[in-house]
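Going by TrEMBL, these are the annotated features:
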DOMAIN    591-687  domain 'DYW'
REPEAT    105-139  repeat 'PPR'
REPEAT    206-240  repeat 'PPR'
REPEAT    274-309  repeat 'PPR'
REPEAT    345-375  repeat 'PPR'
REPEAT    376-410  repeat 'PPR'
Amino acid sequence: MMKRINVSLRLRHFPELKKYHTQKVAFSPTKPEFEPKSSPHGTSVDDILLGQVLDQKTLRTVHSRIILQNLRCDSALGVKLIKSYSALNDVVSARKVFDEIPERNVIILNVMIRSYVNNGLYREGIQVFGTMCGFDVRPDHYTFPCVLKACSCSGNIVIGKKIHGSATRVGLSSTLFTGNGLVSMYGKCGFLSEARLVLDDMSRRDVVSWNSLVAGYAQNQIFDDALEVCREMESVKISHDAGTMASLLPAVTNTTRDNVMYVRDMFLKMGKKSLVSWNVMIGVYMKNAMPVEAVELYSRMMEADGIEPDSVSITSVLPACGDTSALSLGKKIHEYVQRKKLIPNLLVENALIDMYAKCGCLDRARDVFENMKSRDVVSWTAMISAYGVSGKGRDAVALFSKMQDSGLVPDSIAFVTTLAACSHAGLLEEGRSYFKLMTDHYKITPRLEHLACMVDILGRAGKVKEAYSFIQEMSMEPNERVWGALLGACRVHSDTDIGLLAADKLFQLAPEQSGYYVLLSNIYAKAGRWEEVTKVRDIMKSKGLKKNPGASNVEVNGDIHAFLVGDRSHPQSDEIYRELDVLVTKMKELGYVPDSESALHDVEEEDKETHLAVHSEKLAIVFALMNTEEGEEDNNAIRITKNLRICGDCHVAAKLISQITSREIIIRDTNRFHVFRFGVCSCGDYW
C-alpha cells in the first residue's frame, strides 16, 4: 500500500488556499485486453510513451503493461502517462495515475495542474496548486503561469491576487513568465491598473508581455489605451506581431476609420505575415462594415506564398462574399473547402448557407443544408432566413416546423427570423400564431426584435391602428426599430395621424437619423400636404442632416464594382449611359413611365434632385449586362447589393429590363431580396 500523506497539516506557505485541498482518488486498474509483449527490437514502455500515442486503446494497453511490470511507482513514467491521458482529454485517468505516484515534486505537480488547466478544469488546477505546500514543494516559474491562467480563464480574481502574493514571497512575481501571467490575469479580470503596474515592475518584458496588456484594454473596450500601448511598443523597439493584432480585435468593432487604418498599417508593416495576422485583418474589416476590403484582402492572401486559409479564414470571409454578392469568389471558396476537407464543420457550413442565401442562390444554400451530417439551430435559422428574405414565407414556416420535428428547440433568434419571414410574405395569421407559440409554448420572453416584427406584420397587412395599440400595450419601452416599423407602415397606407405620432417618438430617440425625417416628408407628400413637406426639409437643413446616397455593388468576372447615384467615375461610364438610354427607350415602348414621386419624395433611397435614370442600381444593372453573357443556372443572374431600400421606379425598371433582356436580376436591398424574372418580381410588389 502506498503511504498516504496528510497534506492538511502543512499548509503554512499558502494558508489562503486551504479550502482547495482535495482528497485522494483510489485507482483500480482494469484488466489488460491482451498480455503485453515486447517488440522484436526490445522497445521499452518508456520509448513508447516518448513517441506519439495515437488513441485511447493504445494508451490503455501501454498503461496495463506498466502495471503488470510493476512500474507504476516510476515517477518519470507516471509523468508521461499523465501527459498522454491529458492530450486525449481523459483527465480522470490522468488524475488516477497522479494519485498512484508516491513521490511529490514540482514537476509532477506542475504536470497535473497543466493537465487540468489545458482541459478547462480551472478549479481543479487551483486545487492541486493548493496541495503543493502540503508536500513541502516550492512552486517554480512554470507553476505560476499555469495556475494564473486558471484564475484568468475562470475570472477568479480573489485567488489570483492571493497567488500574486505567493509569487512575490518566493521572488518570482516580476520574472518574465509569471509577470506575463499576472498581466494577462489582471487584464482579463478588468483590473487594468494592476496589470499596468505588474508590467512596469517586470525586470524583462517581451512581446507577449505587451500583447497581454493590449488584450486587457481591448477586452474591456478601452480602445484608445490599447492603441497607446501599441505605440509605446514601437517606442521601445518591440515589433507588433499577429498576437498584437489578435489582442486588439475585441475592441475594433464599429470603431472609427482612423482606428481601422492604424491596425491595417500595423498589418502592412509586418515583415512575415502569419495566417493569424491575415485572419485578424479580415475580421477587423468585417467588424467595421468593410466587406469589400475583406474580400480584396482574402484574394491577396490566396496569392501570398506559404499561406493556406483555414476554417477561421473561411468563416470570416464568407459573410463578406454575401454582403457584396461576390458569388464567384464564394463558389471558389466552397470548392476549396471541399478540396481541403474542411467540412464537416458546422461553422463553415453555416457560413456557406448564409453566403449562398445572401447571393440569392437558394438552391445552392439548400444543397449545403441537406448535405450536412449534423445541424444546429443556427443551420436551420440560416435556411429559414434565406427563404424569408426571398419572399418564400411559406417555405420558411414549413422549414421551421421541420426543425421542431427534428427535436431541436427553436431559440429567440429562430423566432425573430420566422416572424420576419411572415412579415416579408404578408402572412398575418401565421405571424400571430408563431408569436403565440413562442410566448405560450416555449415560454420565451419577447425581445424588442420580436415586437418590432409583429408591428411590421400588422402594419404591412394594413392594420396600422392595431399595430399602434400593440405598441401601447408593450411591457417594455419601444425602441427606434419598433417606431420605425410603424412609421414605414404609415407611409405605405397613408396614415398621416399615426405617422406623425411615430415620427415624433423617432425624433426623440434618434434626432440625427435623417431617414425618419424623410419618411415623414414622404407621408406628407403622398397626402399632398406640401407646406408640411417644406417644413420637414427646412428642419433637416437647419440640423445639417443629409440623406445617405444610394450605392450599389455588382460582381463581374471576380471583381466588385461599386456605383453611386449619378456616378460617372467608372471607366466605362460613357458606354453605360449610352446603353441605359437605349434601354429606357425600349422600356417606354412597353409602357414605362418614370415614377416622379420616387424622384421627388422617396429620398430615403436617392437624392431627389438626381434624375431617376441614374439611380445606382440601374447603372449597376447596365454595367453587368454590358460585361457578362447569358449563362446557365446562377451564372445567368445579375446580382446587385443596394445600401438602401429600392425605390418604386427602379423596381418597375428592373422588372422591364428582365423582360427585355431575358436575364434574371437579383437585387438585395436593406429589407429583402427582389428576384426579377421575365417582368415579374418575387416580392409580388409587396415590400
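Quick reminder: no glycine exception, Cβ is built from N, Cα and C everywhere.
Residue counts for the repeat 'PPR' (376-410) by DSSP state, with H, G and I taken as helix and E and B as strand, are 26 helix, 0 strand, 9 coil.
As a summary of secondary structure, the repeat 'PPR' (206-240) carries 26 helix, 0 strand, 9 coil according to DSSP.
Mean per-residue pLDDT, taken over the repeat 'PPR' (345-375), amounts to 95.
Here the repeat 'PPR' (105-139) is broken down by DSSP into helix, strand and coil counts: 26 helix, 0 strand, 9 coil.
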